[in-house]
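Taken from TrEMBL as is:
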type     : residues : note
DOMAIN   : 1-236    : domain 'G-protein coupled receptors family 1 profile'
SIGNAL   : 1-20     : signal peptide
TRANSMEM : 44-66    : transmembrane segment
TRANSMEM : 86-110   : transmembrane segment
TRANSMEM : 142-171  : transmembrane segment
TRANSMEM : 183-206  : transmembrane segment
TRANSMEM : 218-236  : transmembrane segment
Amino acid sequence: LHSPMYFLLGSLAFADACSSSSVMPKMLINFLSKNHVISLFECMTQFYFFGASATTECFLLVVMAYDRYVAICNPLLYPVVMPKNLCTQFIGVSYFIGFLHSAIHVGLLFRLTFCRSNVINYFYCEILQLFKISCTDPAVNILLVLIFSTFIQVFTFMTIIVSYTLVLFAILKQKSENSQSKAFSTCSAHLLSVSLFYGTLFLMYVRPGSGPTEDHDKMYSLFYTVIIPLLNPLIYT
């Protein structure tokens, strides 16, 4: 239980909890009451913590993929290559990038003025929806969201895919069927979580302008804010 893998699972669970708890309480209040009101400060705070936890999860999944690569491809060197202090540093860097990335977008929101409407047709304060009610041109904000989202999601996703491709080749070289079965079950669980998480993020933030409708957007956002955090503990166990 003190291995880096369990430490990483605990960190991923915490990021999932932050993601859900930043959105679900207000969402439930809105469902159960007629008072669907949120202040601008609450709105930006909600997006800040949600954006930070989502970005953090991207990098935690990279660290977990690297951890599995080292454990399966270099099992004898695993305690040396992946000591707990290095794992802690990786987790710390993941959270730092996550909160810094979110802070940049929230900071840029203050350059906008919201006078067009005070209604957000969404479950929570999603940044793309805030751009729609801005009477200041949000072109710079939209461009930076696209650039950062594309870089972070593509970089982390490709790193994960490369890691698991190397892991797959290493598994196929193993002679023991029992070892192959254990390695496949662990990696398939990780890949399922990665596919669900990145699939919805790509559809939301990295797509052509003629992407899904607003109703589809709501479904995707509900998936990665509520359903995936609930499924992750089941997937990894």
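Any Cβ shown, glycine's included, is placed from N, Cα and C.
The stretch from 86-110, 142-171, 183-206 with the most CB pairs below 8 A to the transmembrane segment (44-66) is 86-110. The predicted model assigns the domain 'G-protein coupled receptors family 1 profile' (1-236) a mean pLDDT of 83.
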